[in-house]
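*Asks:* In case it helps, Swiss-Prot gives these features for our protein:
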- Tyr23, Cys65, Asn70, Asp102, Leu103, Ser137, Phe138: S-adenosyl-L-homocysteine binding site (BINDING)
- Thr30, Tyr155, His158, Trp159, Arg224, Phe320: caffeine binding site (BINDING)
- His152: site 'Involved in substrate discrimination' (SITE)
- Asn176, Asp262, Phe264, Asn265: Mg(2+) binding site (BINDING)
- Arg224: site 'Involved in substrate discrimination' (SITE)
- Cys268: site 'Involved in substrate discrimination' (SITE)
- Val316: site 'Involved in substrate discrimination' (SITE)
- His331: site 'Involved in substrate discrimination' (SITE)
Amino acid sequence: MELAMGKVNEVLFMNRGEGESSYAQNSSFTQQVASMARPALENAVKTLFSKDFHLQALNAADLGCAAGPNTFAVISTTKRMMEKKCRELNCQTLELQVYLNDLFGNDFNTLFKGLSSEVVGNKCEEVPCYVMGVPGSFHGRLFPRSSLHLVHSSYSVHWLTQAPKGLTSREGLALNKGKIYISKTSPPVVREAYLSQFHEDFTMFLNARSQEVVPNGCMVLILRGRKASDPSDMESCFTWELLAIAIAELVSQGLIDEDKLDTFNIPCYFPSLEEVKDIVERDGSFTIDHMEGFELDSLQMQENDKWVRGENFTKVVRAFTEPIISNQFGHEIMGKLYDKFTHIVVSDLEAKLPKTTSIILVLSKIDG
């Protein structure tokens with residue numbers, strides 16, 4: 001079953017709640033990524049004060065916010081930098097309006113439960129902060145024209161609106177048999193389909209934001225990417241490769257129909273810096289102020305016990321993959337699947353899992 005656009009919008013979300021497998025409890029890696037990207041966000045906020053906006057309120061949106069602590073850090077960082085600039089410039093009191101966006105399946109209840117006074121402060125502070133939820137797909141319009149000064153998105157833009165089109169032959173045969181993402185054994189058409197889908201979706205994202213962001217407004221985007229030119233390089237596909245192996249083992253045990261594996265392709269693409277740069281320049285609505293890639297260990301390397309490291313990695317992966325994986329293969333076998341995944345990860349630790357590459361992209365809306 002290929003995932004079409006409407007279906008992806010229904011099943012793409014992080015594990016809900018605050019339990020052992022929840023995203024809220026297993027977002028330590030994305031917190032590391034956000035920490036690395038924080039200077040870019042701080043600089044973007046400072047830059048906004050150098051532009052002639054005559055601000056009374058700064059409107060900011062966090063797109064694909066999920067329900068972990070990263071969103072709270074974004075709010076706190078933005079608010080803190082606004083307070084600092086207001087003191088430096090002796091400007092009038094500003095207000096901060098933050099819009100938190102994700103798809104309809106997102107756990108907005110857990111998200112808003114976590115919005116303590118430590119995050120948003122109180123309305124008598126230098127920069128009063130107001131927060132609203134905005135459910136919907138960021139691949140389309142979410143806000144009125146020229147209403148946003150700052151857009152932030154972390155580890156969301158690499159998700160696609162649907163599984164790439166054209167991954168079955170005219171005879172209806174799966175072209176990426178036994179895999180759920182690009183791999184070394186995938187034919188060229190699979191790689192081309194994934195890049196084409198990402199190009200289409202990222203262009204839609206930029207087009208929607210070009211209408212919503214004010215001229216000279218900023219976007220800070222952090223997404224999973226790759227350094228290698230080859231999208232099948234283990235650096236960018238190892239998580240999906242190991243998951244496909246785990247699923248295939250359950251197929252061999254008769255617990256999953258082989259056809260379900262052969263027809264499933266994860267709606268996600270990890271682009272290179274060159275691919276992202278090319279799409280932004282082709283769109284022409286934004287200038288690239290800053291762009292860089294950086295690497296982080298995929299596992300908590302300070303933990304010596306390889307089983308603990310493997311189990312921790314599985315929890316992180318399960319938190320962001322279980323909803324969409326269980327929709328395809330069934331909720332009842334998720335325990336067995338992720339146990340199998342842990343064993344595969346631990347065995348691969350002997351060969352050392354590759355580092356994870358992330359991309360920071362800072363854009364300014366072109367005036368005119």
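Cβ atoms are placed via backbone N, Cα and C, with glycine included.
Since this is a predicted model, take the numbers as computed values, not measurements.
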*Asks:* Count the other Cβ atoms sitting within 10 Å of the Cβ of Asp262 (Mg(2+) binding site), across every protein chain shown.
*Replies:* 19
*Asks:* Can you see whether DSSP assigns Asn70 (S-adenosyl-L-homocysteine binding site) to helix, strand or coil?
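*Replies:* Once the DSSP labels are grouped into three classes, Asn70 (S-adenosyl-L-homocysteine binding site) ends up as helix.
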*Asks:* Asn265 (Mg(2+) binding site) to Cys65 (S-adenosyl-L-homocysteine binding site): how many Å between their Cα atoms?
*Replies:* 24
*Asks:* Let me know the DSSP-derived helix, strand or coil state of Trp159 (caffeine binding site), please.
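*Replies:* In the DSSP reduction, Trp159 (caffeine binding site) maps to strand.
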*Asks:* Using a 10 Å radius around its CB, how many other CB atoms surround Thr30 (caffeine binding site)?
*Replies:* 23
*Asks:* Cα of Arg224 (caffeine binding site) to Cα of Ser137 (S-adenosyl-L-homocysteine binding site): how many Å, rounded?
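*Replies:* Taking the Cα atoms only, Arg224 (caffeine binding site) lies 19 Å from Ser137 (S-adenosyl-L-homocysteine binding site).
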*Asks:* For the caffeine site made of Thr30, Tyr155, His158, Trp159, Arg224, Phe320, how many Å separate the two farthest Cα atoms?
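*Replies:* The two farthest binding residues have Cα atoms 15 Å apart.
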*Asks:* Using C-alpha atoms only, work out the spacing between Trp159 (caffeine binding site) and Cys268 (site 'Involved in substrate discrimination') and round it to an integer in Å.
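*Replies:* Per the Cα atoms, Trp159 (caffeine binding site) and Cys268 (site 'Involved in substrate discrimination') stand 4 Å apart.
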*Asks:* In terms of DSSP three-state secondary structure, what is the assignment for Cys268 (site 'Involved in substrate discrimination')?
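*Replies:* Where Cys268 (site 'Involved in substrate discrimination') sits, the three-state DSSP reduction gives strand.
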